[in-house]
Amino acid sequence: MKTISVLGATGSIGDSTLDVVARHPDRYRVHALSAHRNVDKLLTLAVRHRPEVLAVSDAQAAAGFEARLRAAGVTARLAVGPDELVEVAGTPGIDAVMAAIVGAAGLAPTLAAARGARSVLLANKESIVMAGALFGAACRQSGVTLLPVDSEHNAIFQCLPDRATGVDSRRAVRRLILTASGGPFRTWTPERIAAATPEQACKHPKWSMGRKISVDSATLMNKGLELIEAQFLFDMPSEQLDVIIHPQSIIHSMVEYVDGSVLAQLGNPDMRVPIAHALAYPERFDSGVSSLDLVAAGTLQFEEPDETRFPCLRLAREAMRAGGGAPCVLNAANEVSVQNFLDGRVGFADIARINEAVLTALGNPAAPDSLADTLALDATARLLAEQQIAA
Ligand code: NAD
Ligand code: MG
C-alpha cells in the first residue's frame, strides 16, 4: 500500500488524479489533500478519501472549516497557510506527491516534495519553468523519482529508452517533438483572435482544464512553457526540441532517434492516461479511459505552428534560448497578463504584448540559484507586468 498526497486536489488535475486513485484502493491510501480556498469541494473530497491531513491557503478559508470537518466525521488535521503547505508537501517518506497547484504558488511546495517524497508526479509545469536548474539539483540530491504528468512529457518519457538500460538518450535522440492541439483559435484570423473573450479562450476543443492553462493553450504559451519544461526534464538542448500542431490530440508527443525511427505515444485525450502511468510506474494499471478507436478518429493531421498569430510561442522559444532567469520572468509576466485577461482588464492580444515588454525590460537576468532568488525575480517581473497594465 502506497501513500499519496495531492497538492491542488480541488482542480482539474486533482479531479483526474483522485478518480484514478479511487479505482485502486488496494494500491493507494490518500495522505494529504490541499486546496486554495474551495473548502466546500475539499470537504466533499475529505469525506470520500479520508486523508490524514488537509491544507488550505489562509485563515479566512480555514475559518469554521474545522468545525464542518468534525461535524462530517472527518478527523484529518488541518494545515493553514503557505508555510504549513510546504511542510505537508515535504513530509518525509510519502510515496507519491501529485504536484498540481497552478502557477508560481506551486513552486515552494513542489520543491519541498522533491526533497521529502519518494516520487513527485509533476503537473505544475510553472515550477520547473521558473527554477529548472534548482529543481534538477534538488531531485539529484534527494534521489526522488520525477514522473512527468504533462501529457506531452509523459508521452516522451514513455518513448525514451528505459533509464535502467543505461542508454545515453542524449546521443540516441535527434529530436523531441511536442504535439500541440493548436487551441481554440487555431484557424482564426488575427483580428478575431485579438477580440477573443475569456469564455472563448477557455473553451478548449480537446481538453477540459483549469482556466489559466486553458488561456495558455489558446495563446500557445502552454506549448512554449512545455518546451522549457522538456529542456529541463530531459536535459535536451533547445535546438533538439520541436513543436508540431496536431488538432486531434491523439499523438501526445514523439521521440525521433538518430537512426530515423520515430516513436509516438497515442491515446484518447484524457489526463487520466498520463496520471495512471505515473501512479503505477513502472507497472501499469487501469485509468478508467476507454480504448482508442483509430477508425473513428479517421485522419490524423499535422501543421506547422504559426508564431505570427501566436507570438507567445516565439517569446517562450526566445526565453528558452536565452536561459538564465528569462523563463522565470516570462512565466511571471504571463501569470499576471493571463489573470488580467481573465478578469476582463486587458484584451487577448495584450497577453503577448505585456509578456514581451517585461522580457525586454528585464534583459537577460542570471538564473536564480535559490528559492528566495527565484521568488524575488518572479516578484520583480510581476510588478513590471502590473505597471504595463496600469500604463
Ligand atoms: P486548476 O485551476 O483546475 O486547479 C488548480 C489547483 O491549485 C486547485 O486545487 C487550487 O485550489 C490550487 N491553487 C490555486 N492557487 C493556489 C495557491 N495560491 N495556493 C495553493 N493552491 C492553489 O488547474 P489545473 O488545470 O488542474 O492545472 C494544475 C497544474 O497542472 C497547472 O500547473 C497546469 O499547467 C498543469 N497541467 C494541467 C493539465 C490539465 O489538463 N488540466 C494538463 C497538464 C498540466
Ligand atoms: Mg501538456
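Glycine too: its Cβ is placed from the backbone N, Cα and C atoms.
Copied from TrEMBL, the annotated features are:
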- 4-132: domain '1-deoxy-D-xylulose 5-phosphate reductoisomerase N-terminal' (DOMAIN)
- Thr10, Gly11, Ser12, Ile13, Arg37, Asn38, Asn124, Glu126, Gly210: NADPH binding site (BINDING)
- Lys125, Ser151, Glu152, Ser181, His204, Ser217, Asn222, Lys223, Glu226: 1-deoxy-D-xylulose 5-phosphate binding site (BINDING)
- 146-234: domain '1-deoxy-D-xylulose 5-phosphate reductoisomerase C-terminal' (DOMAIN)
- Asp150, Glu152, Glu226: Mn(2+) binding site (BINDING)
- 266-382: domain 'DXP reductoisomerase C-terminal' (DOMAIN)
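Cα spacing between Lys125 (1-deoxy-D-xylulose 5-phosphate binding site) and Thr10 (NADPH binding site): 17 Å, rounded to the nearest whole number. Between Glu152 (1-deoxy-D-xylulose 5-phosphate binding site) and Asn124 (NADPH binding site), the C-alpha separation comes to 13 Å. Not one of the binding-site residues Arg37, Glu152, His204, Asn222, Glu226 places a Cβ under 6 Å from an atom of ligand 1. If you take every residue in the domain '1-deoxy-D-xylulose 5-phosphate reductoisomerase C-terminal' (146-234) and average the pLDDT, you get 95. Among the residues the record lists as binding 1-deoxy-D-xylulose 5-phosphate, namely Lys125, Ser151, Glu152, Ser181, His204, Ser217, Asn222, Lys223, Glu226, the two farthest apart have Cα atoms separated by 19 Å. With respect to ligand 2, the binding-site residues Thr10, Ser12, Asn124, Asp150, His204, Gly210 contribute Asp150 as residues with a C-beta closer than 6 angstroms to one of its atoms, given in sequence order. The secondary structure of Asp150 (Mn(2+) binding site), as reduced to three states from DSSP, is coil rather than helix or strand. Taking the centroid of the Cβ atoms of Asp150, Glu152, Glu226 as the Mn(2+) site, the other same-chain residues with Cβ within 8 Å of it are Lys125, Pro148, Ser151, His153, Asn154, Leu178, Asn222, Lys223, Leu225, Glu229, Ala230, Ser253.
Per-class residue totals from DSSP over the domain '1-deoxy-D-xylulose 5-phosphate reductoisomerase N-terminal' (4-132), listed helix then strand then coil: 61 helix, 27 strand, 41 coil.
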